[in-house]
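Right, one structure below, let's go through it.
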Amino acid sequence: MISQENLPESPLIKANILSKLMFWWLNGFFATGNKRDLQINDIHQALPNDKSKKLGDRLTKEWDRELEKSKLGQKGSKPSLRMAIVRQFGFYYMGVGLLALIEECITRIAQPLCLGLLIRYFSKKEEFNEADGYLFAGAVVFASGFYTFTHHPYFFGVQHVGMKIRIACCALVYRKALRLSQTALGKTNVGQLTNLLSNDVNRFDQSCVFLHYLWVGPIQTAIVTYILWGYYGPSCLAGLCVLVLFVPFQAYCGKLFSGLRQSTATKTDRRIRVMNEIVSGMRVIKMYTWEKPFAALVNDSRKDEVKVIRKTSRLRAINMSLFYTSSKLIIFLTLLVYVLTDNTLTAEKVFVTLSLYNNVRLIMTLFFPNGVSQLAETLVSINRLQTFLLMEERSSTDSSNIIDGKEKPLSKQPDPNDNLMTGVYLQNVSAKWSPEYAEDTLSNITLKVEEGELVAVIGHVGCGKGSLLHAILKELPASSGSVLVNGTVAYTSQEPWVFAGSVRHNILFGKEFDPVWYEKVITACALKRDMELFPYGDKTLVGDRGASLSGGQKARITLARAVYADADVYILDDPLSAVDAEVGRHLFEKCICGILAKKARILVTHQLQFLKSVNKIMLMDNGKVQIEGNYTDLLTSGIDFAQLLQTEEDKTDSTPNISPLKRTSFGRSRTLSDASVSSVTSRSSIIKKSSITVASGEGSLLGNAYTYDDMSDSEDEEDSISPDGSPSKKSMISGVNRKASVAKSIDGPKAVEEASSAGSVKLSLYWKYFKSGSGFFSFFMMVLFNVITQILFSGADWWLNFWTKTQEENYEIPVEPDSSLYELYNNTDIQVYTYSGIIAALFVASMVRTLLFFSICMNASIKLHDAMFKGIIRSPIRFFEVNPIGRLLGRFSKDCGIMDDILPICFFDTVEIFLNVIGILVIVGLVNPILLAPAAVLFLIFYFLRRFYLRTARSVKRLEGVARSPVFSHLTTSLYGLTTIRAFRAEDEFCKQFDDHQDMHTSSWFLFIATTRWFGIWLDWLSVVFIAFVSFSFMLSAQDGAQVGLAVSSAMMLTGMLQWGVRQSAEVENQMVSVERVLEYTKIPPELPLESTPDKTPPKEWPENGEIVMRDVQLGYGDDAPVLKNITCTFKSKEKVGIVGRTGAGKSSLITAIFRIAEPTGVIEIDGINVLQIGLHDLRSKISIIPQDPVLFTGTLRKNLDPFSNYNDEEIWRVLEEVHLADEVRQTSAGLSVEVTEGGGNFSVGQRQLVCLGRAILRKNKILVLDEATANVDPETDALIQKTIRTKFLECTVLTVAHRLHTVIDSDKILVLDAGSVKEYNDPYILLQDRSSALYSLVQQTGTATADALYKVAKSAHLSRRRGEPLSEETELEQ
């Protein structure tokens, strides 16, 4: 259990000044990293001033100041996040900038001047004594040494500030996310928020490094101009003009980069959103055989994104190429003008100029333009963050009274002795989700619920039940009337929300642990037996969104959380839907009417059998109260609903009825509410994934999460449990990978880290990377142009040395006048033309080299992304069950972002600097071959030092990645449970947990930037030693000034360059881990082929009859014991078969086997063809399914019904009529083109189910599978759907997995499963004749009255079949 308190204190806190300057405080950490792979508990605590809470509070204070100023200021003035950041961090940042001023304007200018004196010493030895030579050489070396004392503290300081700004902005964004109104949530999505916290805030880490050069650069340029004027006079302006012209050019480039960055961010948001939907709904996509249209959707999104990234890449390539050649061009123009004005070159002038220009062009053509582009991109990111921070917030969650839409705080906290009792009071409340809508969502609602009262709210899908609850919770703002909630509130959402942590953490939800009360709560919520069966009791980890729990367990844990809170008011949104009748009765009697009897309770339900026991019933319709009163009042009211109330009494098992969270209209966009998001992802039948979290401390809400990845699988059905709380379902099924299984211990389970490779990156990985981006010829050309460019670059310096020597007054030409080479030494024109040719060739070669390199990297990124997506879309469902959605999206966002943007730059830097170093060593070796010996020794030291560094650096980088994931997982979890969090007023606790996750990431990131500085200092000191060798070696040998200048100026380039190159090479290794991670997902073992082999392809009209024969079918998940055991049965053509059994019996697994979602063994034949031997698409496309959890995808309604465009509009409208959705769709101006928001958020859950029914009708298949198709609708809509199924699928074989017996009691046959085996299979009426049958037992458990009603329906249906008649209307109505 890792938290900040468990980590060692940072040695930096007690380090002395020298240790801080030299980063020696890290020596012990490197020693540990060299011995073994580092673990998360090896990193240091975050520094006190780097803590997320402290930084978030400080920036929040400044942002609040901006908001206040905006309110008081002129109309239209906006608060500025930029100014808030500047006020908070600007002073310290400017202080660090003084180091850059000292380094660039003093040290980097003094060193070339000292070099000039050294060259003058060798050119005119007669004017100096030997001590002067040693003094000048020592001054050159000293300047190099002093550089290390300013350069590394500067870079460390600005990176540290960048980190702090990022942390503060993340904290600010998260806090804002918890306050967003539902209207604002409809305008954003998980992908966009993830992008804000991953890409946008990361700009601060990058931009802070370069911004100081925007003012240091011009100062340095002015000083250099002054010095060069002294050497050359006006001639120096020729080169400086080119240098200055780079500034407007770079400003223009910065503007382009800004636009491209904004465009890229938008398109990346879209791609990640699409990927989020695909991964979340993968089971449905596979069942519908929709892999191809979704692959096309991702392909289109990626193409749009790549177009922009390619433009950015080309612009960057041109920019870097100009930087590379600019120093040569500037020198060339300066010397050319100087020579053409009849002046003579000297070695001192040339090499001092060369060194000064090398320094100033580094700033003006690399750091300065980087600063411009980073500033532009950072401003874009700040604007994106600011736009988010200015989004609408919901009203305060404190007790308050809403009067005529305006919030007024209560004068004091509720008190039992007040005249107004604890409870909920609504008076003439009207509300709408957006002012733009003409109709109110709620209209003139009056409600009073006081202590001890239980009010049931009922009504059909979309009638406004959920909206009423949200108005009480202040999620839906009241436009008129008054809303008063007097007392604390506990809430259970319509779809159970649990977070990654232990069962106990989910129940306590930040409250103190009271063992006596806890015991009462889990008993009342029927969890007692579950606790005994869980592998670690209540310390069992539930997984990401409860992936390891059944639907019923999640519902009961959610209810237990509300009960444990011991609130005054309970708002219960259909909590009985995920459990069977027996458990439902236990929860209603022992919990809702038992332990909560003295509380004010509002219960939204479709379980109408409980209505006799409530104090008051509210029947809602179209946002209004249609009737209000007790049970008798409704029965005698005379409205149509009375009939449904009466028949509902005879219904058997309860069902997961998920009413819409809000009044639903197609025009309203609602993306991130509980209902809309979790409806796509919460149930494990759609996606079973886990982000197992280690829970620490009872008072902690979520615990800390640093290792994720044990997966537990479960059937997602309603929980069947006896009243004493004993589940009959095996609740926790271990994951696919036994190595990733949770090991038992006294303290509870230990979660397992995400698998990642250790050790160095293999050379084969680099080859795969370049191979994916180029053919042999283009790769060869890239290598060739790299070599040619370096030869020309070093050749330009060598030619300059030669030219300078020939210009010296005392130079003796070494060839005879009649030699063909004589003109080369004596003719200035030839020398100028040759130098011009070298510079021109260098410019062309550099441009070709850079564009080719970036093009290959871009192609590699595109192909690797496509290969990874292909690997993902073809992987079996089990892969999605054992990998959390955050991990999969991380590959497509962070890792692809690195391949697109960061890796090419680092790789290019590494290659360029490596070639430069070789060029420098060759030049130094040609001047003084003896220097190659110390160069070889230093190279060996470099090599071993790099290996030593990388052992630790790789571990730190990987730990940083592991520590980053919980930040995003926590954000996602919070958004999915936002309504619950706010109802319980747990925002502060969730903020604390977010800050803890940020602090863990800060610990690893701080070490990452510190270790790079440690490495840089060692490399620079080795460079200083090499410069000392070069400088002092010439004191012992006779050399002319030009050669000394060439060698020393070249060696001086090593300082900074070498350490940057080696660090970039290490960074390339780190970034190649992203390539490795992407390649991992290209190798996922795929499902069996989608298409059949020619000899196995079934006929086009197959299946004609729809007869299914199963023989000895077994199915297991991973290495677990089979969940289906020797299933043998036949579903005859056109038969209607009900599949029943207790939770865990294998009902959903039977569907899984038929669809081959997991590969079964045995034989499954459809119309005589063994479907285990044909292609998956050939099988799945011939079976229609209406899944338990309806999934809609972003896009038009038409695309959701018919993604292949196989049907015309007339057919689609006809289907909408049949599923009773046509009227709602016609009310929208867009018709079939109405947009579906993320997760189908602008449809109620029932409407989503109707869309799924429409899909099945459109496909016209001979086999239909219903996984409780009417689970999420009201009884009235249920009856309509059942009638549609009976008429539209009369000629089909229909298999219905039943959670309520009344749905299937009139079937031709019922298959009863028990523990994965066939218990019995026959006509339901015949089975009910046998009092020892399992079906008889199930029916009797529903109670005498219900059992009699079911028996009558079964008998009536049996007699109708014997007479050969269709089911009568009476039989249908009896249900």
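Using N, Cα and C of the backbone, Cβ positions are placed for all residues, glycine too.
Whatever TrEMBL says is automated annotation, not expert-curated.
Remember, it's a predicted structure, so these values are computed and weren't measured experimentally.
Per TrEMBL, these features apply:
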COMPBIAS  711-721  compositional bias 'Acidic residues'
DOMAIN    106-360  domain 'ABC transmembrane type-1'
DOMAIN    424-647  domain 'ABC transporter'
DOMAIN    773-1070  domain 'ABC transmembrane type-1'
DOMAIN    1108-1340  domain 'ABC transporter'
REGION    711-736  region 'Disordered'
TRANSMEM  91-122  transmembrane segment
TRANSMEM  134-156  transmembrane segment
TRANSMEM  210-231  transmembrane segment
TRANSMEM  237-257  transmembrane segment
TRANSMEM  317-340  transmembrane segment
TRANSMEM  360-382  transmembrane segment
TRANSMEM  775-793  transmembrane segment
TRANSMEM  832-854  transmembrane segment
TRANSMEM  902-924  transmembrane segment
TRANSMEM  930-949  transmembrane segment
TRANSMEM  1014-1036  transmembrane segment
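Tertiary neighbourhood of the transmembrane segment (902-924): same-chain residues 313, 316, 320, 324, 786-787, 789-790, 793-794, 797-798, 850, 853-854, 857-858, 861, 931-932, 935, 1030, 1046-1047, 1050-1051, 1053-1054, 1057-1058, 1060-1061, 1064-1065, 1067-1068, 1071-1072, 1074-1075, selected by CB-CB distance under 8 Å and a gap of 6+ residues from either end. Contact counts against the transmembrane segment (237-257), taken as Cβ pairs under 8 Å, peak for 317-340 among the stretches 134-156, 210-231, 317-340, 1014-1036. The transmembrane segment (134-156) makes no contact with the transmembrane segment (210-231), as judged by fewer than three Cβ pairs under 8 Å among residues 6 or more apart in sequence. The domain 'ABC transporter' (1108-1340) shares the most Cβ pairs under 8 Å with 106-360, out of the stretches 106-360, 424-647, 773-1070. Model confidence over the domain 'ABC transporter' (424-647) stands at 83, taken as the mean pLDDT rounded to a whole number.
Only pairs six or more apart in sequence are counted, and the transmembrane segment (317-340) with the transmembrane segment (91-122) gives fewer than three Cβ pairs under 8 Å, not enough to call it a contact.
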